[in-house]
Amino acid sequence: MVTTRRAARAATEANDTVMDSPSRSTSTPRSSPFLPTPLERAGLVLFPALLIFGTIYSIISPQTRAAPYDPIAQSHLQDPSASPSYFARKSNIFNVLFVKRGWAWITVAFFVFIFSHPSTTDTGRRVRASLRWVAVTTMWFLVTQWCFGPALIDRGFRWTGGRCELARREVEFGSDTVGDKVTAVACKAAGGKWKGGHDISGHVFLLTLGTAFLMQEVGWAVLRWSGKRNEERCVVMTDGALKSANVESDTSLGEGSERPALGLGGKFAVGVMGLSAWMLLMTAIYFHTWFEKFTGLLTAVTAFYVVYIVPRFVPAVRQVIGLPGI
């Protein structure tokens, strides 16, 4: 088995060397290691497309435009009689059971895939994939949960002039005490309202980053396993040379071309991605301002770039967390 893998890798490297030859003037230009590949760009464009469509729909829809909107709660009034849609209510079952537990669903989908799909049976691949999950989860945690104190979303809100406005005055809380609450959760627990600053959309951040994460981990593994698409990614080697990502794989493309491409784990992950995309659209239509949604998207794309693009041109990082499907 080891001999077969070494032979496959040697053949791949030989083929890559041939492609580097000046005589091959008709060879396909390689993708930049500093940018997403054409296929990745096609996938990433889904997120701004959903946000733009949802924002436009919220403006031109008579029902949505006529519904009262609470800028402090960043949503329409939650009374069923006044809400423009079931999905405009924060109590809808998909928001409560899926989005509010979004990273748990993303995590389950990821681990079900890597422990069930035949392309990830190698222990090294599973370890590297798990390290990428740790990296992405750390990004999510720092932005939405805790960053050596308040999360980055809460810090950003305070830095832009926001504070906790007292909703009901209680004997045990003075107005200054409540106003200085540094997280949205603490503010609400104290009976206040988060008001005045710029609130990055946590829903947009979560749904975008989680879906892009599964796209990378499931997409590249399945495409290489099935052989349905040539490797587009390029990497910078330790000597500065630019080569196809194939040179770092110990298996050849299309190894499982005769078997089902997705498998049960892949289908489950696709289902989670589909529901995430739908809830991202609902967020775009019914929640937050366009700028809050934009900054949520920008934050997610930045985290994606750090984990999935930077390793392609920083060999030291790639040696630790690897690349999906390789």
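Backbone N, Cα and C atoms are what each Cβ position is placed from, and that goes for glycine too.
Look at TrEMBL and you will find 1-12 (among others) tagged as compositional bias 'Low complexity'.
Annotation comment: TrEMBL describes 1-34 as region 'Disordered'.
The compositional bias 'Low complexity' annotation in TrEMBL covers 21-34 (among others).
What TrEMBL lists as transmembrane segment is 42-60 (among others). Remote same-chain partners of the transmembrane segment (42-60), defined as residues 6 or more beyond its termini with a Cβ less than 8 Å from a stretch Cβ, comprise 36, 204, 208, 211-212, 215, 219, 277, 280-286, 290, 293-294, 297, 300-301, 304.
Per TrEMBL, transmembrane segment is recorded for 102-119 (among others). Residues 125-126, 129-130, 133, 137, 140, 206-207, 210, 213-214, 217-218, 221-222, 224-225, 255-256, 259, 263-266, 268-269, 271-273, 276, 325 of the same chain lie 6+ residues outside the transmembrane segment (102-119) yet bring a C-beta within less than 8 angstroms of a C-beta in it.
What TrEMBL lists as transmembrane segment is 131-153 (among others). Long-range Cβ contacts of the transmembrane segment (131-153) within its own chain (Cβ-Cβ under 8 Å, at least 6 residues beyond either end) map to 103, 107, 110-111, 182-184, 199-200, 202, 205-206, 209-210, 213, 217, 299, 303, 306-308, 320-322, 324.
DSSP assigns His203 (active site) to a helix. The annotation active site is assigned in TrEMBL to His203 (among others).
Among residues of the same chain six or more beyond the transmembrane segment (204-223), those with a C-beta under 8 A of the stretch's C-beta atoms are 40, 43-44, 47, 51, 99, 102-103, 105-106, 109-110, 113-114, 117, 119-120, 129, 132-133, 136, 139-140, 143-144, 153, 229, 233, 261-262, 266, 269-270, 272-273, 276-277, 279-280, 283-284, 288, 292-293, 296-297, 299-301, 303-304, 307-308, 323-326. For 204-223 (among others), the entry in TrEMBL reads transmembrane segment.
Annotated transmembrane segment per TrEMBL: 268-288 (among others), in sequence order.
A C-beta separation below 8 Å, combined with a sequence spacing of at least six in one chain, links His288 (active site) to Gln74, Asp199, Ser201, His203, Val204, Gly296. The annotation active site is assigned in TrEMBL to His288 (among others).
Per TrEMBL, the feature transmembrane segment maps to 294-314 (among others).
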